[in-house]
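Asker: The transmembrane segment annotation in TrEMBL covers 12-31, 51-72, 84-104, 150-169, 175-194, 262-285, 329-354, 374-398, 410-429, 441-459. According to TrEMBL, the feature domain 'Major facilitator superfamily (MFS) profile' maps to 15-463.
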């Protein structure tokens, strides 16, 4: 008896996108903080946290996420991809309940750390799950929906916070923090009707179940479908090869060929954080405040436009990421973001000065309405550039470049890198804005230009390859000349696979003779 719905499994877009609710939890948490930075009831309950204290509260979530991402290294291999997603949902509910009931900073931080563990688990295992159940032709599209779900989580939570800001008292922030429990419950219960990763099943000796799932996923239930047979045989071939290579351990991440990919996956997640995007999400209130945008409601409205753009501009990437490829998006996105951050920093440095807002020293632009508008527009263009390029690719690329025997560990390490830098930046940026002010944006601009150089020389194209064909992409070398790797490398059909296996068997017989 199937432990999932064959009808659901037969729709690649449903089965590939539902788990993205896990990414939505990440977005919900980001906006759960950015929306309260101008809420007086929040300040009253949590004793008016200053820049450093607020940075610590925000950073507590990525600190928990770092732990969760590293935990995937054992959980995803031991209990499976599907069950790990369900576990993450349960942990999120617990963390959200504690946040909603928080009466002091300690309780709030505890709730955010627990919720962070959930986000770390889901943000790591969901891309792995998606990459292992989707066809190569749409894998990038569906894995990139992880980023889209993050943007939806940010936007929906922010608008709930916006609406609740008209409520007097603690309900203005407790209601939004409580409502974020709902999507986690939907995800945890809904995953019961979804299939396990066929690659994990083959690796754990459940080949018949894996074949049936592949048939339901890619062949309308037909086990003899050419794509189904091809993928099943490729998975088995890869599993046998990797078992002969050695046991699954952290030492495998240091082997030649694998280490290169660990560096690429981890550095991509690092660059996505050093781009400054999550700073714009967490602390957009501070950014627009420094631009000279005054008034709580006006600031909230301007912030909401940014979140809508973040959602809207992720759509083109979802539709065309497999056609455009990963490399062009990474290179173009980092250059554009660096350019717009230079404009933001330059305008603030040229027209701003130190001022005082609510007793705090703030670098602010005053008396230059057109400059204020220009800074806001550049911020919007920065966010749009991220949404259509590095945002989706930063989740897609690490999920598809690793061999299966180390995939869970390697992706978790890459995602842990994301959370490590997320944690550091979430804590460090408020003090930076209060000390070096506009120069903060120029620091992130420099990171983006450095990333563009790294992407150009070291990141080969992986679009429209099966996960097994990507092995041959990296076997070609070109470690520092990634543009030299052809898109056709590794492409095989079922006849090629059968012929190759026959040649291997023939060669083996000759060697025995």
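Yeah, the Cβs are placed from backbone N, Cα and C, and that goes for glycine too.
Note that the structure is predicted; figures quoted are calculated from it, not measured.
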Asker: Top stretch among 51-72, 175-194, 441-459 for CB pairs under 8 A with the transmembrane segment (84-104)?
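Answerer: Checked against 51-72, 175-194, 441-459; highest Cβ contact count belongs to 175-194.
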Asker: Could you give the residue numbers and ranges of same-chain residues that sit at least 6 residues beyond the transmembrane segment (441-459) on either side and whose C-beta is under 8 angstroms from one of its C-beta atoms?
Answerer: 264, 267-268, 271, 274-276, 279, 326-327, 330-331, 334-335, 337-339, 341-342, 344-346, 348, 397, 432, 479-483
Asker: Among 12-31, 51-72, 262-285, 329-354, 374-398, point out the range having the most Cβ pairs under 8 angstroms from the transmembrane segment (150-169).
Answerer: 12-31
Asker: Which residues, given as numbers and ranges, are at least 6 beyond the ends of the transmembrane segment (175-194) yet have a Cβ under 8 Å from it?
Answerer: 4-5, 8-9, 15, 18-19, 21-22, 24-25, 28-29, 32, 35, 82, 85-86, 89-90, 92-93, 96-97, 99-100, 118, 153, 157, 160-161, 164, 167
Asker: With pairs fewer than 6 apart in sequence excluded, do the transmembrane segment (329-354) and the transmembrane segment (410-429) have three or more C-beta pairs that lie under 8 Å?
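Answerer: They do not touch: fewer than three Cβ pairs between the two stretches lie under 8 Å.
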Asker: Residue list, the transmembrane segment (374-398) vs rest of chain: Cβ under 8 Å, 6 or more residues beyond ends.
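Answerer: Distant contacts of the transmembrane segment (374-398): 23, 123, 127, 131, 139-140, 143-144, 146-148, 150-151, 264-266, 268-269, 271-272, 275-277, 280, 284, 287-288, 291-293, 302, 305-306, 309-314, 316-318, 321, 326, 329-330, 332-334, 336-337, 340-341, 343-344, 347-348, 365, 410-411, 414-415, 418, 459, 462.
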Asker: Same chain, outside the transmembrane segment (51-72) by at least 6, Cβ under 8 Å from its Cβ: which residues?
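Answerer: Hits for the transmembrane segment (51-72): 26, 29, 33, 37, 84, 88, 91, 95, 105, 108-109, 112-125, 128, 282, 360, 408, 411-413, 415-416, 418-420, 422-424, 426-431, 433-434.
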